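Here's the structure, in structure tokens; my notes come after.
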Amino acid sequence: MDMDVMMISMCILASTFMAPGWASTSGFLRVPQSQSIVENEAADFGCEATDSASYLHYEWLHNGREIAYDKRVYRIGSHLHIEAVQREEDVGDYVCIATSLASGAREASPPAKLSVIYLESASVQLLGSNRNELLLKCHVEGASGDEPLQIEWYRDSARLASWGNVHLEEHRLLVRQPSPSDDGLYRCTASNAAGRVMSKQGYVYQANIKCLPRLLKKNQKLPESWGKQTFLCRGKRGGSGGLDQALSPAPEDLRIVQGPAGQLLIKEGDSAALSCLYELPAELQNQRIQLRWRKDGKLLRHVELGGALPIPGHAHDSGKDALLREDARLVLHKQNGTLSFASIIASDAGQYQCQLQLEGHAPLNSSPGLLEVIEQLKFVPQPTSKNLELDAAVAKVHCKAQGTPSPQVQWLREGSLNSSLPDQVEVDINGTLIFRNVRAEHRGNYTCQASSSQGQISATVSINVVVTPKFSVPPVGPIETTEQGSVVMHCQAIGDPKPTIQWDKDLKYLSENNTDRERFSFLENGTLEIRNVQVEDEGSYGCTIGNSAGLKREDVQLVVRSTGDGFAPEETGGDGFLVTRAVLITMTVALAYIVLVVGLMLWCRYRRQARKARLNELSIKEAGGDQPDASVTNGKGSEQEPCLSKQRNGASGKPKSKSNGDAQKSDDTACSQQSRSSKKSVYEQLVLPRSGLSELLQIGRGEFGDVFVGKLKASLVATSAQSDKDADTEKQHSNSENGSGGSGSGSGSGSTTLSTLNEKRRSKTSMDDIEEIKEEEPEQSALEQLVLVKALNKVKDEQACQEFRRQLDLLRGISHKGVVRLFGLCREKDPHYMVLEYTDWGDLKQFLLATAGKVNTATATSSPPALTTSQVLAVAYQIARGMDAIYRSRCTHRDLATRNCVISSEFVVKVSYPALCKDKYSREYHKHRNTLLPVRWLAPECIQEDEYTTKSDIFAYGVLVWELFNQATKLPHEELTSEQVIQRSQAGTLEWTVAEATPDSLKEILLSCWLANPKERPSFSQLGSALSKAMQSVAEK
């Protein structure tokens, strides 16, 4: 019976598979469907001919060719599965072919098309620009399948829509009759299922306006042709106002033969050159002609071509529209107008244009050129290993990569792809590895891979699942015992890894090596047992538990009673008397406590009101009016200034006393907390009005904000100097009063000794002492003082605020000619400004590069001569004296290098703190543990333990002297990457050698600056003495 049924089925199947093929798709129950898949996601094509699948064989064709199956593309039954679709390999038509095993008949399904959705980059292209319209196109490298790309346009930061004279048509933006209100930076964004990208470079548009030019000469008359149609056009501050368009055109024989190329694609780190070949007629040789290079419409570099005086600057060539930053990478060649880049960085991308400016004529512009930078593939920042708390709801490990084109990021676990990651572990679109409900099986090694057309990079991190240590049996106290008794203090903990337990007494660690083993026993479960207790055992005992997840601590007080202590029994009274006595004592103590509390409340209220009254009086005196400062009367100073409100003095000028157990802070690790007699905030004493600053020009960006160079009114400089003198006088007066008061009436010998020492100091004052104590007075004849202004932009970043306060405290307490002065602090509104002394020659490193011939001097015919050995020694000696002053003020610098020193035209060098770590000197900093650090100048203990001392400044000073003798033309260990420098420094294998030009008498002491043991390094006074002897020996030769 079964055989008959099988034969009938075979006959029906054979009749279905009619040669040469089946009719249309009637034989298919399910055919593959066309689909669009996001790149790197999976795709599935279904195919089913009849319910009797066991008598059919299925094959798949891709673009007419049979598919070769592998681990990524494979068949599941009759269906086709593609893992991680790739657009270069998988795009096309897919056909399913079913073959009958009985008859051999074949039938093919209709082709199903696979489209890959991806999105790489976007850029803005100029299609046309004139007075009547502006036409831009958003060019996108990507595909969206059947769905259109979503294009959005932005002017500056405002999103545009079709309204008024703005029209959006698919990928194009049309602005009809553009006006000054349409000026700005135009950028576009593109989005689809694969993500969203914004154009890295945009198009800067500036409307052309006919305006009245200013009179260049006295009594100059207007042309009659202007007549009544002449209007005065006032533009906003910083704008050009279109004045150039009203000037007469440039002569025809003055022309730019060749401008920058239309589009230039350069890899990051390579060199590049933008050409601007010009022709200058002989009759214009003595005219005022200036060659300018602009980037995105802003002035970048300029050089005088003619023999006359320089052309006065225009309003649009200064202030915010100028990019005249000191950058040794950029060189403008006067002979041919070429702008060359020594090493391209990502921020160099943009639109460049050169122009010739002849006095009294409109500028002659070249055609614009677009410079695009192929950013190197790298992790920003490098992924790091992490400890995850067990049962945490969400934990993330970030992996961000940058490059051109944008890289694709994926995570692997011990060689497996994303699909085989553990349960509840996923990767989001930004490449972040997300753990949900962390479990023990999540621990292991994970590798982040970033790939693009440049190649592939990877970083492996270790994920460890831990449990924060907790006390299962905490120590309980206080504990009282008698002398020669026994005490057991329990301390047990749980956690993963198993926590370690450490006991200490009065903050001094206890172990079997420093205790009496016959009396002290440390049990395995963490319990501490003390037998035969002595009086000296009394104190505060602490139990600290910890593992890789953290530390916890509990204290217990041990009180030891002498065997003779206690109350004698009452001889005459009975039990009733004892009870009555106990009740009376209890009631007396309670009443005294109540009276004490009420008295303290009244006293505190009185003191608070008196303090408010004194603050109001001080604020009225400072303001010179009758209204007190709102920050004092309302008590809102801390809300208005969250960064600087924590540094306040107490009610008295005396420092808080420390307990015996508190270790005194080292003078090498932190600034000492000196007593202050003033009750105002130390930062209120530094306040300068923001209106006193002028001509601010940004020179770079630091860790907590922008850095400017500007000018400060001389009257404010004199006021700042006088306030510093008053503060020093008041401090000396308070110190003398404290010294006399502490001696008492019976300390006449002490006062005599003090006066004798003062007489000796006055009689033995040397030139070195005068140099150290003397404060530089500002020139009274000068109306303005050149200053360096550091802005605190990251007001809500606690780490940035802490560094801002540290630099304020560093420079506030030092008055030495080798260290720049802190003129004051502008904090009426955000951002806060720190105002420091600056010099006319500026950055010491740029000065060294100029003397070495590495910096282009636009107006000079030849580079300045190189420094002699005696001059280099003089510079090093001045810096050593300044650093010695910082050491004696019990502070550390932490970033000593030639870039952070300034030099004047009088060859006076001062230690400063510009710290331009974000752009100008970004190559000299490296992000380590989420902080930008000058790793090539840091001592090993700074990198390993984050421990900064004067000895670490000595290490950096040795590197600075190495820079001086090398003219700052190369970086320390420039053959190594920053990661390799960190690794070798931590391993102790980083070898230092002095520069070749170093005198022999200095080599030994400079090599000792780089010793691994900080205690073996010399002091700044020893370095100063060695430099002084070296200068004498060089002078004698």
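Residue 1 is the first one shown; counting continues down the chain.
Cβ from N, Cα, C; glycine included.
Look at Swiss-Prot and you will find 723-734 tagged as compositional bias 'Basic and acidic residues'.
As annotated by Swiss-Prot, compositional bias 'Acidic residues' applies to 768-777.
Note: the domain 'Ig-like C2-type 2' (110-199) comprises 3 helix, 60 strand, 27 coil (DSSP; helix = H, G, I, strand = E, B). Summarising the annotation, Swiss-Prot assigns domain 'Ig-like C2-type 2' to 110-199 and lists sequence analysis as the type of evidence.
Look at Swiss-Prot and you will find ASN336 (among others) tagged as N-linked glycosylation site. Of all Cβ atoms in the shown protein chains, 11 besides its own fall within 10 Å of the Cβ of ASN336 (N-linked glycosylation site). Under DSSP, ASN336 (N-linked glycosylation site) is assigned to coil, being neither helix nor strand in the three-state scheme.
Per Swiss-Prot, the feature N-linked glycosylation site maps to ASN418 (among others).
Taken from Swiss-Prot, the feature N-linked glycosylation site applies to ASN430 (among others). The Cβ neighbour count for ASN430 (N-linked glycosylation site), using a 10 Å radius and every protein chain shown, is 10.
Per Swiss-Prot, N-linked glycosylation site is recorded for ASN445 (among others), and the stated evidence type is sequence analysis. DSSP assigns ASN445 (N-linked glycosylation site) to a strand.
Of all Cβ atoms in the protein chains displayed, 7 besides its own lie within 10 Å of the Cβ of ASN513 (N-linked glycosylation site). For ASN513 (among others), the entry in Swiss-Prot reads N-linked glycosylation site, with the evidence type sequence analysis.
The number of other CB atoms found within 10 A of the CB of ASN525 (N-linked glycosylation site), across every protein chain shown, is 12. The annotation N-linked glycosylation site is assigned in Swiss-Prot to ASN525 (among others).
If you look up Swiss-Prot, you'll see SER681 marked as phosphoserine.
Each residue in the topological domain 'Cytoplasmic' (604-1037) has a pLDDT score, and their mean in this model is 77. Look at Swiss-Prot and you will find 604-1037 tagged as topological domain 'Cytoplasmic', backed by sequence analysis.
In this structure the alpha carbons, written CA, of ASN513 (N-linked glycosylation site) and ASN336 (N-linked glycosylation site) are 78 Å apart. In the three-state DSSP scheme, ASN525 (N-linked glycosylation site) falls into the coil class. Secondary structure at ASN513 (N-linked glycosylation site), as computed by DSSP, is coil. In this structure, ASN430 (N-linked glycosylation site) belongs to neither helix nor strand by DSSP; it is coil. ASN430 (N-linked glycosylation site) and ASN525 (N-linked glycosylation site) have their C-alpha atoms 46 Å apart, to the nearest angstrom.
In this structure, the C-alpha atom of ASN525 (N-linked glycosylation site) lies 32 angstrom from that of ASN445 (N-linked glycosylation site).
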